[in-house]
Each structure stands twice: as C-alpha cells, then as structure tokens.
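Worksheet: one structure, shown below.
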C-alpha cells in the first residue's frame, strides 16, 4: 500500500527523517517495502500482513506512528447529521437475502450532484497512492477508502430499476463490470441486482449498467462490510483483484462504515454540490464492545522483561485500547477494551505482542538462549544437499526448471499424451502437462546454452509425475536426480556417474544393458544395486537431440533419489594396509560386443578377497579390434603376497577371461 508522507502528516506530527521513520515502523512490526521521492513528497510502500486490515489506510498508518512516538492522532471531521437535507420522494430499497454476506453497512441517497473533474489536491493524492483519477464522485469514494480503509460504491440512482437485492450468485450468471468485461460468475459470489439486471459484482468491481457518468445527478452511496471469505473465493475464481477486494478479503472494522459514509458525504458537499436526500441507514451499528482480561504477571512471564503496570496501560492507551486496572486474588489484571478496528485481537497473548512491539524489542536485555539444543536437519534434506554438492564438485551445473511442460516437448522425448498427467485448470496454454522426466527441463536448458557453450554438463533434482497411483490414492510423484553430459564420451560420463555413486558411499552397483530400447536411446543400461534398479544411464539418441538443436554426443542418467538414500551406507574406518600392495596391468583384446561389466565381474570372482582395487585405464580400438588396459592391485591382510601366489591369481583371471571372449596381450607385474 502506497502512502504519501504529505498526506500522513495531516493526521499525526512527524519530526523524524524518512529513514528513521521507516526503521521505527519496521521495528514495531509494519514493514516498509520501499521509500521513493516524488517531486517534493516521499512515497512509502508498505507490506501489510493479512491480520492487520486496520493498517490498510492512511489513518491506520497514522495510528501506528502516533503510538510509536506517543503523539496525538487527528482524525478528519465528518458530516454527522442523520436526517435528509432536502425533501425528496426518492427512496432506498435494498434487501439483503443472506445477512451473513453483508452483516454491516450504511446506505443513503445523495442528490443534486454535479459530476466534474476532481480538484488538483485530491487527484494528486490518489495518483501518489497508485489510484487513477476518474471524476469527482468516483474519486471521493476512492479517497475515503484510501483514507479510512473502508471501500464503498456509488450507484447512479436513475439507472437502477426497482428494488435492489443483495444475494449470492448462481453458477453461470454474468455481469459486465466497469472495465467493460463480461464476467461469468462462479457460485457464491456476492452480487447486487435490480429488477432487470445485475448491477454490482460486490466487493470486487461495480457494474457498468449503474456506473457514474457526466449526466449523473443522484447516487446511492453504499458502504458495506462483506463476508471476507466469499469475496476472496470470487476473486480467485475470476482472477480479479482490486483495491476494494484487497481490503474486503481481510476482516474489516464492523463500525467504520458509518464514519466512512459521513466522511464521503462531507467531501461531496463542497466538491460536487451534493445534498442528502434520505436518512442514512446503518445496519449493525454500533459494533458490540469486546473486552480481554490481561494478567500483568503474564506480560513479564511471556516477554521475559518486567514492564511497569503504568507503562503497560500507557502503551495500550496509545494503541487506542481502553484500560481499567483491577486487583484480583491471583494478582493485578488489566481489563482491556478492544477498539472495533482491531479485529486481530482476541486473546491476552495478542495484547502482549502489542505491548512488546511498541515497548521496543531492542530494549530487551541480551541473554544467551536456553532450552534444548537444536536438532539436526532432517536426513532427506542433508542427503539432497550432499547429492548436489557432489555433482557440483564433479563440474556439473545445477538448473531449476518448471514442473509444467507442453505436449510438444513430452512428445519430442517419446512420451504419449495419455502417459502424462494433464493439468485441468491450466493458466498458460503451453504449460498443461506435468513432467514425466527431469530430462524435459534439462534438455530445454541445454538448448538455450548450446549456442554459447560447446561442452557442458547439467543436473537437476526434483519430482516427476506419473499416472501410477500410490498408497495415498494420488498419482506418484517420486523425486529423481538426473544429469546430461553434452559433447562427452561413454567413459567420461560413466566415470562421473560411478564417482558420484562412490562419493555417496553406495557400493555394489552394476550396469546391465537394456534388452529393450530405452525411451531416450538404443545405447542404454539399467543401474542396478543387487537385483534392484535405481535408474538408467546411456547415450541420448540423435533423433531426440536434434529436436533440441543439439548435435554433439550427449549422455544422460536419471536415478531414483529415495532408492539412492535407502542404499547409502555409513562411512566406516578402513585400516591402512599393513602389507605392500602388488600392482599389475592387464592388456586385453575383446570381442566388440563384450561389455566391460562382464570383464569386471569375471576378474572380481577370479581374484576373490585378494583383489584390492581395479581401474580401467584405456578402452581403444586397434586395427578394428577393441583393446582395454586394466590396472589391478592385490593385497592380503595376513602376509606379503609372493610372486608365486600372484602368478596363480593372474592365471585364474586370464583363464576365466578367455571363457567370455577376452584374450590377453601382455601383463606387467610390479
């Protein structure tokens, strides 16, 4: 909410500079979003919390300033006559069918008006507050709303046919609002109709059929307090928010409507020549008084600081609360009369918060915190952070993408629309499906980056969405971790994945080539731990890459995050070898279709417990034949391995390798 400083100063004396005022308001609980200079004025932009509807006005902010600095608040005078000023046959005929929709309101007829431009001072104040000036009558209603926080609406009396009826809308009804838009209404919106048509979308925007124009002579001024929930639901259903709805959605002062009417009329008389042609009808006025008992001992017990009873009463009085001190068996108690505009005050704790913020939290003595030690973060949060840190350490860049995507994108990745979850009430035409894979966002990000970078790697952690129904009866939303390696090769991409898994302390993983072609390419493997799959790894098919304008070889993996976390082992201390490690290199010719996984498993089985470490050094093609160079390390926990035992182990390894199609070239022992 924008508040010009010049306007604010009319109601409370302000000696402090702009920065000091903003800081003091912030420390007392009223957040200042920004402060801007405009010619000779200063505009404050406040962020008002939903519970403080009383601050959605110039007077409301002035109350806060007056309470902080203990200064006098001056409220503008208003016309206080209740009887009509001229004889007229014009009558108010408003029927409220459901009292809960509009429990409080004031209404009256103002005649002999002259519609014209507003005076400069009024239009400038509205413009500074972010409201466009239209005409003197409309501007006065907006001015009083900004000043008091109470919205109101002026109907052209001569455009209303018959009786006015306030009721709840029915599904499918329509009204053309002041912006010229015909709006089809949901069930439950608050509307006002006459005998022929809908004339007001109450709480949101007036109807075009009863708007004020240059020929308007008589208005029905309606100052209501609507049911906040009904206004909010209608606002969300219609996608329409206005200055009025922003206030009606909160709990408004049930007694402010009468003063707001009188204030508006006191401005119309000099600025538009209006005269009251009816009595002012007020429903639900005055509001019921509300009291809260506040034990003084509870104040010190809660705030942890002793505030004198005189100061407690003084602070509450500065905030417009009535106070009466009583002595009771359990100690002194303040009986607090809550003003009608403080709709957020219900319990003693609410009053204690008010006392604390005006007293000043910076006056509280500095003490070390006491109580139980803070617990560690949830395991899954720690795990997700660890996953990201490892991938970043491996040179990958993290991205964040939308969970929504288009039909074209999911089809480019080989998905059918029937496989994907579609959003029923999409807000953007191209974003109607929930992503079935993280590759949706990663490949779109790669498409944007490929113009500037030839080689890069990206990853994302997030949820994907499937049509499979989970235990809760809703579609499954598993968390995944996925990555792509653009302009890479098999060994580099697989090495990064293996390093990632090892740094997560996950062991026993294997790669099994898919018997059926993966959705993303022919060259793909399942990543297994034991017999359970945790995801897929492979090379993305060029036909898919082409749709994202990527021509370089690109590899991917996508793993189930929950499965990874479940298989993560605790780190254990491993003793440094007491006896020397024997290193050996094996150079092998392989059949072209023999996966390295088969070689690795064969060597592990042949060497048994004596195998300490195995590494792939080279994987090349020599004269049309595939060749690999493997580094092996042997070790015994009992004694030093002699040459005879190592020769025996190597012999068994080579014999078993020949059985699966691997022929030795040379071997070197050290």
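Backbone N, Cα and C define each Cβ position, glycine as well.
From a predicted model like this one, the values you see are computed outputs, not experimental measurements.
Straight from TrEMBL, the features:
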type	residues	note
BINDING	344, 350, 353, 354	Mg(2+) binding site
DOMAIN	287-366	domain 'B5'
DOMAIN	577-665	domain 'FDX-ACB'
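Summary for the binding-site residues 344, 350, 353, 354: the Cβ-based neighbour count within 10 Å is maximal at 354. Secondary structure at residue 353 (Mg(2+) binding site), as computed by DSSP, is helix. Broken down with DSSP, the domain 'B5' (287-366) shows 33 helix, 21 strand, 26 coil. Excluding 344, 350, 353, 354 themselves, the residues of that chain whose CB lies within 8 A of the CB mean position for the Mg(2+) site are, in sequence, 342, 345, 349, 351, 352.
Shown for the domain 'FDX-ACB' (577-665): DSSP residue counts in helix, strand and coil, namely 32 helix, 35 strand, 22 coil.
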